[in-house]
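Peer 1: Okay, here's the structure, questions in a sec.
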Amino acid sequence: MLCSALAFGHKRGGISEREPRARVQSKRSSYDRESVTARRGSEAGAGDGGGGGRQRAAKGALEMKEKGSRAAVDERYAQWKSLIPVLYDWFANHNLVWPSLSCRLRRLPTRIVSTDGTVPNTLVIANCEVVKPRVAAAEHISQFNEEARSPFVKKYKTIIHPGEVNRIRELPQNSKIIATHTDSPDVLIWDVEAQPNRQAQLAQMESRPDLVPPDSRPDLILRGHKDIAEFALAMCPAEPYVLSGGKDKSVVWWSIQDHISALGDSSKTESSPGASGSKGKTANDKDSPKVDPRGIFLGHDSTVEDVQFCPSSAQEFCSVGDDSCLILWDARSGTGPAVKVEKAHGGDVHCVDWNLHDVNYILTGSADNSVRMWDRRNLGSGGAGIPVHKFEGHKAAWSPDKASVFGSSAEDGFLNVWDHEKVGNKKNPNAPAGLFFQHAGHRDKIVDFHWNSSDPWTIVSVSDDGESTGGGGTLQIWRMSDLIYRPEDEVLAELENFKTHLASCAPRS
């Protein structure tokens, strides 16, 4: 049995500006939605004797639509659950009382880092036991209670976070160092091994609701944004560098090592932009050392939604934003764009990922319902992009296990796994080209997922179940059967050998 580290962050239930309309609506009760519908019906029917009838008809149609949609999702989920022993080599389902916006799998010891929406907002580190390939019994992975917490996910440490945890990223060279984004201009750096465990203090709050435990103090605060930076966050695979984007339309670049010189500079202990300005505040920031950026890069015309380092160069990175642009940067050439694709998509671009195996390929996901794969050798204002998938979510990520494989998640609750090398070998006319696996274990919109670089083909995914259950979320750790992604001739040969083995074991007549 392998042990993985999982980090996830729970949010308490507030609504940030960046959240899609569907999530904002999920915070309302069904009573609120019905009241809004009733008021609109009354206003539309003012002075018309048929207004009340139209109001009731509209309300009835809405209820029927919601019930029909919910029934379809439940039917799809039941069918998927019956196929778990066939589709998966490993699967674990973990119920979250509060929704989580981010999750990450760290290297050994494997732990999940996640957010926890308990009061107050928390950053949770959990140990996750991942069974080795071809070991788990079918009944162990298919028989679980959706409302229960998984016995394979065990909470290791709880950190009280100053504000909602919108994004989590780990430092590849030292996985105990993680960065988080909240509703402030600052990036918070945490040494999760050195941070004290606040679980006991939170437990005391159950019997003493008057107690308000202090927020955990970040080990480092990176300042440089002039406005709130909520989501765009990346850490460099080669150097201890951090990259962030925000509402100030800038991409900001730091080195964590710069905090060594900052410790001897009294000016670094002043309040950060998040504490002194009106655009958000970082709690306990006066107690944490501050680091100023090495560079601030300007070129976007709207909020920067995501950033990513080039896997082969610590000086190169890319960013996307609400201006529909994809920009490549090279810190060695200054703070202006090296390459700028003006209209990478037909809408806001919400995610970007750089291929770990072939640095020529970049993925972007947009509100125009598409994921596009780019070859940076052909990029420019009229650069070529290949739409690979239509979806309503904004998350895509390359697999660390194979250069041509990537995953995409959506608000429809599906997590699709693609192989762009199979685009020209379409065998199923009913499936999009390149799609070879679809994870349907979530019953609501998927807000984040992460490939585990330590356990091949293992993924952690998290959904916000506000619309389906009225709150909470679902965290799942899973690995598809190797019979799905291995070469077809190799799989057929193995199955033939298995068939021969079964025949030899059959009793003779």
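Positions of Cβ are set from backbone N, Cα and C atoms, glycine also.
Taken from TrEMBL, the feature region 'Disordered' applies to 14-61, 264-296. The domain 'Histone-binding protein RBBP4-like N-terminal' feature in TrEMBL is assigned to 75-129. Sequence annotations record features per position, and here TrEMBL assigns compositional bias 'Polar residues' to 264-281. Residues or ranges marked as repeat 'WD' by TrEMBL: 297-339, 342-375.
Thinking about packing and proximity, how do these listed features fit into the structure?
Peer 2: Remote same-chain residues near the repeat 'WD' (297-339) are listed as 231-239, 241, 243-247, 249-253, 345-356, 359, 362, 364, 366, 374, 376, 379-380, 394 (criterion: CB distance under 8 Å, separation of at least six residues from the stretch ends).
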Peer 1: For a three-state summary based on DSSP, what are the helix, strand and coil counts in the repeat 'WD' (342-375)?
Peer 2: 0 helix, 18 strand, 16 coil
Peer 1: Quick check on the repeat 'WD' (297-339): DSSP residue counts for helix, strand, coil, in that order please.
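Peer 2: Per DSSP, the residues of the repeat 'WD' (297-339) fall into 3 helix, 24 strand, 16 coil.
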